[in-house]
């Protein structure tokens, strides 16, 4: 898979916007400027990315309900702005690591739709060969896809450490949710990052519910951007892709200029349940979900902004919708056509080459594989 | 939500681009029965929340589905129009098409219902499409259902199967006839192969024969498979019936039932009832009286107000809650009157009426029919004289009330005045020789008369002696004596009650005491005010 660069620096950034004044809230740092400018190409790319991501998640939803995808499946419907806005602010050298709601990030960081869907279906064309599943997707600059809650945050600090160690002028964005924000290792990561001025941006995707627990029932302090204490923080409207992009660009600049880590809190919302096993309506009302869908949807929001600024016409956007839909459907067909991995692959990729063992035990006491 | 109909449509529409309105590129999407939980295999559509032609927004509830676990809502995943509803009210397997969604602006009249309703397990093209690799193993499977198909998925052995194979040194899995999904070898197959259990008959090939839509069938009655000479029809038991059946069986088989019967005289009660109705316009029924009387009996005999806790302990209840059996169209239910001993008759009457109404409409809350100290069941309105009821676990007993019937009342023992032998002989003797005795008595008539009169007084004759014009004192005495010998016949209203009780909790003495107190209150209804 090729690593795409998102930001097209060659095209002039001639479309200007002013973000809503409540887009940011700062803690021990300055708010980024509300005046943003983009090129038309970038804006359309952002729109298309979000539409593709939305469609991809919906297709996954349908495949899961048709019992083709089994096991865990955590969808990011409604949270597209975070992944898309972040990607525009980053380069290929920056690294991203997140938890299990990772399909959107995998796509933005270079994974093809076919490979993502095939991985969910457990097929050979999957991004991990069909052996990893929903919570085990990686690209050269994306570290997954991690199942254990909050475990990826210290890993993110480690990746930032490696970047500083190797003298790279790049940052690591380590994401976690409001549910994971109270994990102990998160604070250990904060400490090490601040102590050694690591280029780590800790991003809390606050979608208000940790599985089914509302944030105020799980956290004594729900202002997650202030939880870094000695690490400055910034709260961002995570449903506005332009605000997200601006905040991530600001964060990257902050951390790569030697100011140490920064905390970002993205206020976002997921329309679906925590995962496909959760209908998502037992701990919140349908009215709330519908309200967020109609008033705060990231795709609709960007659409309105673009139409008002006369960057695109309605028909052009409709065409983008159709094209995105067709692209995803085509990828779904390819993914479904891919075969399942064969048993020969069952014993591979367990250890890094050169560090393996001569014999590996299988699922049964009597089952052994000799390398 | 991709399924076969869409792929078919896409292929067939390639030549006919203008099938739909120009704004739309693709055909309708099939709405299939979703698997709302990983183990769900089929569901019943209980209600469609949108009608055909309604436009739908992502997140709107389209329909409600009930599975064996729970009822859940199905939301629309994207915007569109509900073009067609293809299934309603019946049990539908997961992945079967239940409706069609179209885009806004589609011409709904041109929406065609796809012939093949079942999306194959791998959601691939039907048997005709042989180009795709995935369909090849399915082809093999559908042709050879008995043998294991050589697909990659059949290489998947569950740990149990792998263990058995290793234990029994079976090297070649292909020897074992597989009956699992996708040609998988199951533990049962291995055991059958080893001869340890009987082999399971192979399942029919489920995949892609083009199926017609299932005909709508009435959910409650299934037609028997043999069309000739079916003398019965199966009706599946409703949830309520199943519960009733299991509870009755449990009670009858685990509770040692004993029975005690008593006839209750309800004359006084009926009199009081009529007084209340006529003079005070208060309507209470015999049943209400009995409920109150039973509650007071429980109060007086607290050893009967117990519940079975376990083999080791009996629960002594503090409150007296009477469950009253009410027949509803779906079965028998026993709503509870709480604190019946403390309520007045009117309160009991109104409560019963209200509870019965709601019970018949199946609108009782669980706490209104679960619990209770004692039950009452009245079949009097059906003309039943007496019957025995089954104890309502974990209560101590149940009172089965029969109809009120008119009976002749034998006089009280005190009223039957028996003559002593000598008196009788005297009478008989005097009767034989009436004239002589008459003259004899006439002789000492005054004395005898007085004696006779005293005798009559002694016999308790408070009624004045009827003096017939022609009667002699002897005849009068005779008639009086005969009158006393002939018992006075009055009619009385009686209700037979049979108490079934749990002999572990109440022994016969307690039960009898209970019935005694019950009778006491029934026959002296004014005592309910105490």
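Placement of Cβ uses the backbone N, Cα and C atoms for every residue, glycine included.
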Need the matching range: TrEMBL marks region 'Disordered' on one of B:111-155, B:156-200, B:246-290, and I'd like to know which. B:111-155
With TrEMBL as the source, which of B:21-56, B:57-92, B:201-236 is set down as region 'Disordered'? B:201-236
Compute the average pLDDT of the predicted model within the domain 'Lipoyl-binding' (B:28-102). 85
Could you give me the DSSP helix, strand and coil counts for the domain 'Lipoyl-binding' (B:28-102)? 0 helix, 40 strand, 35 coil
Give me the DSSP three-state residue breakdown of the domain 'Peripheral subunit-binding (PSBD)' (B:156-194), ordered helix, strand, coil. 22 helix, 0 strand, 17 coil
